[in-house]
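**Q** Straight out of TrEMBL:
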- 1-21: signal peptide (SIGNAL)
- 26-58: domain 'LRRNT' (DOMAIN)
- 185-238: domain 'LRRCT' (DOMAIN)
- 246-274: transmembrane segment (TRANSMEM)
Amino acid sequence: MSPSGRPRPLSFMFLLGMGMASERINCPSRCSCQYLEVNCTGQQLQEFPAAIPLDTRQLILAANNISYLPAVELSFLADLVYLDCRKNLLGDELDFTFIGVAKLVYLDLSFNNLAQVTFGTFSHLLSLVVLKISDNPNLVAIEKDAFTNNTWLRHLDVSRTGLTFLDASTVRDLPNLRFLGLSDNLWHCNCSFLDFLTWMTESNVHFPDADNITCYTPEGLRALKMPAVEAQLHFNCLTQLHKQDYIFLCLIGLCIFSAGTVAAWLAGVCAVIYKVHTSKGEEEEEEEEDT
């Protein structure tokens, strides 16, 4: 029926049926397709599915065994805005993978085998708002400029990874960041981490599950929550001197003492020379007066 209540022409119904049939034909094997969405959740896929409709906006590949995302095939999906790849086997080969999906807004790579995040991993995703890379136990490094181009990033989750350190500049320069997951990581709370802890205290970012954002090392700070750790590190790093500091101060003192001793010796030598020269002058004057 048309909006006016009159029966639609048979030609229109035929074309509509052809369009729906075409959509079903273009749907990848073992996946389900709706309007602009392809869902391949839990199909034990080993590879990126073929024949994905080019106008797909939402692609769900969760709970499969995919270990590689082909950059060329992804680039055909230029209108993709939502990509869910959680619970797969994706690893290190992600640099420049997303170069052709610049409109991507949501990306979930949690529960995979990521080992590091570099500048090239997400630098082409200029519209990215949500990035989930939690539950990657092998993720041990995020370069400090990894998110430089992701200025729209609002939600970032790096919980439950192998991270021990995160440079404050990595997240401090994200003007729209409002949510940052950091819980259950192996944070190494030394003086180098103090800058990041200070940023956490001063920022307006929300840290969910804050009770589980604790130190793993050193032993003396293990299981301490971040506010307490910041106060402790302020005391340890900014008010107390370490062995190297004492050695440095001793060397400076020794240099100052040596310089003072040399200066005093030179002053004494100059005084003696001056006195000798003055005495000779007086003797010569007396001899001239006698003659």
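Just so you know, glycine gets a Cβ as well, placed from its N, Cα and C.
Any TrEMBL annotation is an automated prediction that lacks curation.
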**Q** Is it possible to list how many residues within the domain 'LRRCT' (185-238) are helical, extended or coil according to DSSP?
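**A** Helix (H, G, I), strand (E, B), coil: 31 helix, 8 strand, 15 coil.
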**Q** Roughly where does the domain 'LRRNT' (26-58) sit in mean pLDDT, to the nearest integer?
**A** 95
